[in-house]
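Positions annotated as region 'Disordered' by Swiss-Prot: 65-108, 121-172. Residues or ranges marked as motif 'Nuclear localization signal' by Swiss-Prot: 68-74. The compositional bias 'Basic and acidic residues' annotation in Swiss-Prot covers 75-97, 121-131. Annotated phosphoserine per Swiss-Prot: SER136, SER139, SER261, SER275, SER278, SER286, SER299, SER327, in sequence order, evidence recorded as similarity to another entry. Annotation comment: Swiss-Prot describes 145-154 as compositional bias 'Acidic residues'. Annotation comment: Swiss-Prot describes 168-259 as domain 'CS'. Summarising the annotation, Swiss-Prot assigns region 'Interaction with EML4' to 174-332 and lists similarity to another entry as the type of evidence. Positions annotated as N6-acetyllysine by Swiss-Prot, on the basis of similarity to another entry: LYS240.
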Amino acid sequence: MGGEQEEERFDGMLLAMAQQHEGGVQELVNTFFSFLRRKTDFFIGGEEGMAEKLITQTFNHHNQLAQKARREKRARQETERREKAERAARLAKEAKAETPGPQIKELTDEEAERLQLEIDQKKDAENHEVQLKNGSLDSPGKQDAEEEEDEEDEKDKGKLKPNLGNGADLPNYRWTQTLSELDLAVPFRVSFRLKGKDVVVDIQRRHLRVGLKGQAPVIDGELYNEVKVEESSWLIEDGKVVTVHLEKINKMEWWNRLVTSDPEINTKKINPENSKLSDLDSETRSMVEKMMYDQRQKSMGLPTSDEQKKQEILKKFMDQHPEMDFSKAKFN
């Protein structure tokens with residue numbers, strides 16, 4: 001049997017022919033055997049039974065290949081499903097532990113008083129932190145942080161620092177991302193186990209809505225960028241947390257927010273090492289590794305890979321021309 005390239009040689013012609021058969025594969029096969037009967041001696045040219053034997057052998061060969069391809073596809077899908085489920089479970093567990101979730105039950109006076117006290121304490125802590133940053137309070141050990149803040153671009157000031165998953169921990173939900181996908185966990189504090197009929201999850205190419213039926217949605221906005229709806233999914237973890245998995249269309253981009261109404265994260269502080277490089281193809285992986293290297297070099301004030309190449313070329317040129325004086329030369 002021929003190789004894959006040989007097999008695909010006539011695909012264009014056969015596809016055009018198949019498209020003209022309204023009866024589908026059955027009509028196409030009938031046309032092919034009609035051609036063999038009318039234009040060749042396939043059925044009568046050899047020994048008795050040879051034509052049938054050839055047909056059976058050919059069918060068995062391609063049937064085995066088709067069954068093998070189907071098994072491999074199912075195995076890949078099962079592996080991907082299991083990995084997504086494990087990732088969603090881990091994210092849900094973290095969200096359940098770290099995020100209080102939206103309150104949908106009526107608070108007692110005691111709970112309301114305690115909640116207000118926590119809010120006031122948080123505001124005091126934030127004001128204290130602002131004073132430290134503005135220099136109105138002296139704080140030992142803050143010099144390095146202040147220097148780092150000074151070095152930050154003006155346009156990046158005020159942006160959130162990414163969480164360990166290169167996303168954001170927000171009051172009502174948290175999300176993480178890799179270059180190719182994004183995972184979201186929305187915890188709900190309810191007195192019953194959530195079921196599919198209790199929640200509303202609507203994933204569109206550029207819009208996402210998540211919430212409980214009869215309640216205002218927790219998320220209802222335009223996504224930062226487009227996603228593959230057919231490869232995205234959602235499920236309920238532990239009866240309390242809704243997790244959503246989104247497949248990005250642009251797999252060479254870090255999102256700075258989930259939906260456009262969210263606060264931005266500083267993508268310059270993203271750590272690509274937290275992403276699964278093993279999931280990327282070789283070309284994309286090499287590009288990401290280069291990005292990681294250049295990011296580390298910049299953070300240490302060292303030249304990037306491109307700058308190093310330029311320096312090496314310049315050094316070779318200078319070594320080859322010792323008679324030239326480069327002491328007053330300026331290089332960009």
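Positions of Cβ are set from backbone N, Cα and C atoms, glycine also.
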Near the Cβ of LYS240 (N6-acetyllysine), how many other Cβ atoms are there if near means within 10 Å? 18
Once DSSP output is merged into helix, strand and coil, LYS240 (N6-acetyllysine) belongs to coil
Give me the Cα-Cα distance between the residue listed as 'N6-acetyllysine' and SER261 (phosphoserine), rounded to a whole Å. 24
How many other Cβ atoms are found within 10 Å of the Cβ atom of SER261 (phosphoserine), counting all protein chains shown? 10
With DSSP as the reference, give the number of residues of the domain 'CS' (168-259) in helix, strand and coil. 6 helix, 45 strand, 41 coil
